[in-house]
Amino acid sequence: MVAVPTSMASLQAPPQYVVADIDLADFGRKELSIAETEMPGLMALRVKHGSEKPLKGARIAGSLHMTIQTGVLIETLVALGADVRWASCNIFSTQDHAAAAIAASGVPVFATKGETLDEYWAYTHRILEWGDGGTPNMILDDGGDATGLVMLGSKAESDSSVLDNPGNEEETALFASIRTKLAQDSSFYSRIKSNIQGVTEETTTGVARLYQMQKSGELPFPAINVNDSVTKSKFDNLYGCRESLVDGIKRATDVMVAGKVALVMGYGDVGKGSAQSLRGLGATVMIAEIDPICALQAAMEGYRVVRLDEVVQDVDIFVTSTGNFQVIRHEHLIRMKDEAIVCNIGHFDNEIDVASLKDYSWENIKPQVDHITLPSGNKIILLAEGRLVNLGCATGHPSFVMSNSFTNQVLAQIELFSKGDKYADQVYVLPKHLDEMVARLHLEKIGARLTELTKQQADYISVPIEGPYKPDHYRY
């Protein structure tokens, strides 16, 4: 090894990444290469837009699970001209070899699997801190944490009392990180907020946050709701969860699903996919729902629709997928049968009241798998500490379905960055013709061939031959 003179070493900037092991980069690169073959939408966008660089000048702060599939998304954004900084949106979802591969390519990445809450918020701050002292001008979010950090931080600049009463462990870490940053730079967040041209949001929970800000008149920039693109919600949420839920449960527990009684709480698109996956492996599946329409859908599919408090003692596998909080509360947890498996596939960890279990005896079996002894003497198996089981205990959705979602993300970033001045400070969805384009880009990969309308047929149903084929109000 050649020694670096002290004078030279002092001039070297610290690495613009935090990853578990940069030596995993080669492994990550091999998996990225395989994933690219399963992500035709993203690869098509590289071909279509690579020469024109529609994202040149975009500074994208990305907060989304740092997986292999996300690596393909990041490199697509870079290929289209963007400058990108990235953190994960979940403390357990990072694939360390993926983070290493992207960091080794020169993209600043701040993500490790199993990071602490303090580290999580420190890393989220890092994606907002451009090396030249500048700021991001775009946010690509999953769950709304990056957007929420900017918004809460800007409020705290003028009223620090918003940080006085954290409601849980997560908020304690978040509020402390904001106080630390404000002590260093009292206008950090408002400066970033004023420079953001737009936000694209990946998931149901983050979209709900955006609509809340819009309703209260607090949304300071336009946002695109990627989640409600048909080629996202009806594919990622449904078919992705149909494969990744049981992958996470089985990797974590090696349990035989056949013959078990499972309860899926929430029968939206995520719940529908989750229920199908468990039924497909032979479980008896029940559904808990608050929405009469979703409940009726579940009943018509042959599922028993039940109340949690009436069946809790009979269930072997609990899955929350509601986007709400304290869906499974302490009063339910303490009544569970011995060796019941408890997990969540909604975005945040508060669907299950994990905090109420902290004083009980915990035995860690392996990463993200804990045995908890209840007052009754029964033990339950908690997966991923109540966070996303498919990413905490497995590797998330398959590449092909994520290509649908991430193609929407790239199109949304291009739209807001290049045409942001045409958008008011509201939440939008991508137009139907782009939704259909995303679907078209994925058909050839799976050998699907579209039938084409004749002009007479198109005229008869009053649609263009090339689409769009459905009105915006159509429910797929």
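Every residue gets a Cβ built from N, Cα and C, even glycine.
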Residue in Glu36, Glu201, Glu202 which Swiss-Prot records at the substrate site where Thr67, Asp142, Lys232, Asp236 also bind: Glu202
Nearest of the binding-site residues (Thr205, Gly266, Val270, Ile345) to Lys232 (substrate binding site), judged by Cα-Cα distance: Val270
Site with most surrounding Cβ atoms, counting all protein chains shown within 10 Å, from the binding-site residues Asp142, Glu289: Asp142
Candidates Thr67, Asp142, Glu202, Asp236 (binding-site residues) with Cα within 10 Å of His347 (NAD(+) binding site): Asp142
Cα separation, Val270 (NAD(+) binding site) to Asp236 (substrate binding site) (Å, whole number): 8
DSSP-derived structure type at Glu289 (NAD(+) binding site), helix or strand or else coil: coil
